[in-house]
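TrEMBL annotations:
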TRANSMEM  49-70  transmembrane segment
TRANSMEM  76-95  transmembrane segment
TRANSMEM  107-124  transmembrane segment
TRANSMEM  187-206  transmembrane segment
TRANSMEM  218-235  transmembrane segment
TRANSMEM  241-259  transmembrane segment
Amino acid sequence: MVSGPRVWKKLLYLDQPFPDNYTPVSFLDQLKRNTTVSKYSFRKLYNDFSLVALYASLLLLVNLNFSGIYSGYWQAYVSMAFGTTMAGVGLMALPTILNSPDAGENVKSNTVILLLLLLLSPVLRSLTKSTSSDSIWALSSVLTCLNVLCHDYALETSQSYRAVISTNLSFTNGIVLASRLQSSMDAFVFLVFSTEVCILFPMFDLRLREKSYTAHNTVMFFVYGIVGSVIYVIHGAWFSLVYFSGVVFVSLCLPWYFMSLQRYKNELQGPWDTAKPKINTTS
């Protein structure tokens, strides 16, 4: 009996009369291109990248507030009063925050933290007395950059706010800067403002995005305007222009560049790629 031509099989444990580098004719027919690649819209990318610009602006606002207090442009209580007023307006405008399941826990924990800051502010103010100012500025810059990198921007609106690393970095940066202020009350007031801007505001914005992205964008542009105005008061129009240019670059240019890279995606999946096991869960 004469056997027909041997057919190559994709089984490594079989002894087949084919060379090791043999490629069957049907190999190219089984190739698939970009089956797992996600397509992004510009609006989606803008919403994602604008969160980076917004959080970086909040951190910059805290540092600018310290610069204004330290240089004598305004008193510490002025910025805290403004921040507290805006926080009250936000809570009244978005009552769902107060009705959230973890609202009571957040209020209690933040109240305890503020009381501890009030008690420890004399110690915090003298914490870095033996450290030079240049070292403080450098440490604050490093903490701010790390904060921008470590913040959880991918947090979904349906999840609870648990940005542990960025929260700790915000507290640390606030304590480091507060140690350079003139009085213990100034240090406490500055830490309250830092808590409102870098910790409470991201929690508020997360719930705001869940309710209305239009309201989120309105508040975001309001923050941009405040930061740009403070930069103009302290450093002048040139630095204010640089700030707004940076916001435009992060919010618009980076999403556009990211979208332009999508045409270079060329992910091929063939018959030799890692197989995904199908587990039969039925008994």
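Even glycines carry a Cβ here, placed using N, Cα and C.
A contact between the transmembrane segment (187-206) and the transmembrane segment (49-70) is present, since 3 or more of their C-beta pairs, 6 or more residues apart, lie under 8 Å. Sequence-distant neighbours of the transmembrane segment (49-70) (same chain, 6+ residues past either end, Cβ-Cβ under 8 Å): 76, 79, 140, 144, 147-148, 151, 153, 170, 173-174, 177-178, 180-181, 186, 190, 193-194, 197-198, 201-202, 205, 217, 220, 223-224, 226-227, 230-231, 233-234, 243, 246-247, 250-251, 254-255, 258.
A Cβ distance under 8 Å defines the sequence-distant neighbours of the transmembrane segment (218-235), meaning residues of its chain 6+ beyond its ends; these are 50, 53-54, 57-58, 60-61, 64-65, 67-68, 71, 73, 90, 205, 208, 243-244, 247. Tertiary proximity for the transmembrane segment (241-259) is limited to same-chain residues at least six positions away from its ends with a CB under 8 Å from its CB atoms, namely 40, 42, 45-46, 48-50, 52-53, 56-57, 60, 224, 227-228, 231.
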